[in-house]
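Straight from TrEMBL, the features:
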type: TRANSMEM; residues: 15-38; note: transmembrane segment
type: TRANSMEM; residues: 58-77; note: transmembrane segment
type: TRANSMEM; residues: 84-103; note: transmembrane segment
type: TRANSMEM; residues: 109-134; note: transmembrane segment
type: TRANSMEM; residues: 146-169; note: transmembrane segment
type: TRANSMEM; residues: 175-195; note: transmembrane segment
type: TRANSMEM; residues: 216-240; note: transmembrane segment
type: TRANSMEM; residues: 252-273; note: transmembrane segment
type: TRANSMEM; residues: 280-298; note: transmembrane segment
type: TRANSMEM; residues: 304-323; note: transmembrane segment
type: TRANSMEM; residues: 335-351; note: transmembrane segment
type: TRANSMEM; residues: 363-383; note: transmembrane segment
Amino acid sequence: MSSTAAPVSMPTSRAAIVAVWAGLIGLAVAMGIGRFAFTPLLPLMQQDAGLTLVQGGWLATANYVGYLAGALICMSAPPRPVRAIQWGLMSIAISTLAIAFTHDFWPWLMLRFVAGAASAFVLVGVSAWAMPLLAHAGKAIWSGRVFSGVGVGICFAGLVSLIAGMTAWGSRATWIFLGVIATVFTLALWSRLAADAVQTPVTAGAAHTPLSRQAWIAALCYGAFGYGYIIPATFLPALAREVIANPAVFGWVWPVFGAAAAVSTALVAHFFPAHSPRRLWIYGQAVLAVGVIAPVLAVNLTVLMFSALCVGGTFMVITMAGVQEARHIGGTQGPRLIAAFTAAFALGQIIGPLTVNLFHGRLLWPSLIAALVLVASSLTLGASTRAAGDTG
């Protein structure tokens, strides 16, 4: 297998720069638009499209289920990373535009499912393509810049939604704008990836080799991360709206969340290069647990902004560390283990909102459970770290 094959079409340094920018933009479109644009747009769709909160919950669930389906496909039949990025982005652009030109709930449900599946393809593709390329170029520290794209996309979509809420744009015009942006960047990246990207082939036998026990434990812990993170990621904007109804105020919670995610990966990669990915994962989940529990102990704008910083500032650090850890323990099965991590994460984020429903919409006990799950996951990771003799 040649999963870390050397660049053949350009100098190594140029290949690394292309990987950073292509990965950053790809993740910004996939996550900022394909995955998370719906969260800040939900109030607008309730207002001008008559969408109910229950319907909004089903649309969010469809996206989560699509994300899980996409990850499972990548796990069982790993695609070529560049193809996964290209077609994933194209599907996101088309499904985003299509939402604006349909007015029925069931087509929206299907389109959000497609966007979720495509987002998983892009994340797995970027991780399997850019990370080995940067490592080969001696620029592994630049991985933080790649994953900052998620925060950039979330912040951008949040700001667009904030402006839309303060003006007369409406949800339809906002979906069109985001769809056009996704299309422009997809077309720009398509030609660049086709010309310069280094393919990362997967051997036929690798996908059928059983994953190790250590890999499955790590995947389970990554699923716990998805479960813990999704509750604040889902309900922070709604909580902020309950505190202050003015969209010019509560609308800032999501951009702050995205901005924290954007800068966190680059800062961590720069200031903590000696820490192992697993250590960063453990520390990140500890901070995330604080962010999960804070809003249910005291609900005011200051606490909500603090929670947005804690959750937004850690969830992409943990994602980056998880991808690096998957490559480390997965070896030749790195891309498949990344897909397994993504599937576990997707399953966790589906279970999270269901827990809230079990408690009739009350967030106290679900948040406490989520924080405990994150702590238990961190302890499990710590125990396996000590067993492996990792002191990074």
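Just so it is clear, glycine is given a Cβ too, placed from its N, Cα and C backbone atoms.
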Within-chain partners of the transmembrane segment (109-134) [C-beta distance under 8 Å, separation at least 6 from its ends]: 3-5, 7, 15-16, 19-20, 22-23, 26-27, 29-31, 34-35, 38, 58-60, 62-71, 73-74, 78-79, 81-85, 87-89, 91-92, 95-96, 98-99, 102, 140, 142-143, 146, 197-198, 200, 323-324, 326-327, 334-335, 338-339, 342, 346
Result, the transmembrane segment (175-195) in contact with the transmembrane segment (216-240) (3+ CB pairs under 8 Å): no
Of 58-77, 146-169, 175-195, 304-323, whichever stretch has the most CB pairs under 8 A to the transmembrane segment (84-103): 175-195
Segment-segment contact (the transmembrane segment (335-351); the transmembrane segment (280-298)) at 3 or more Cβ pairs under 8 Å: no
Close approaches to the transmembrane segment (175-195) from elsewhere in its chain (Cβ under 8 angstroms; 6 or more beyond its ends): 9, 18, 22, 25-26, 28-29, 33-34, 37, 41, 82, 85-86, 89-90, 92-93, 96-100, 157, 160, 169
Distant-in-sequence neighbours of the transmembrane segment (252-273), which means Cβ under 8 A and at least six residues beyond its ends: 32, 39-40, 141-159, 161-162, 233, 236-237, 240, 280, 304-305, 308-309, 311-317, 320
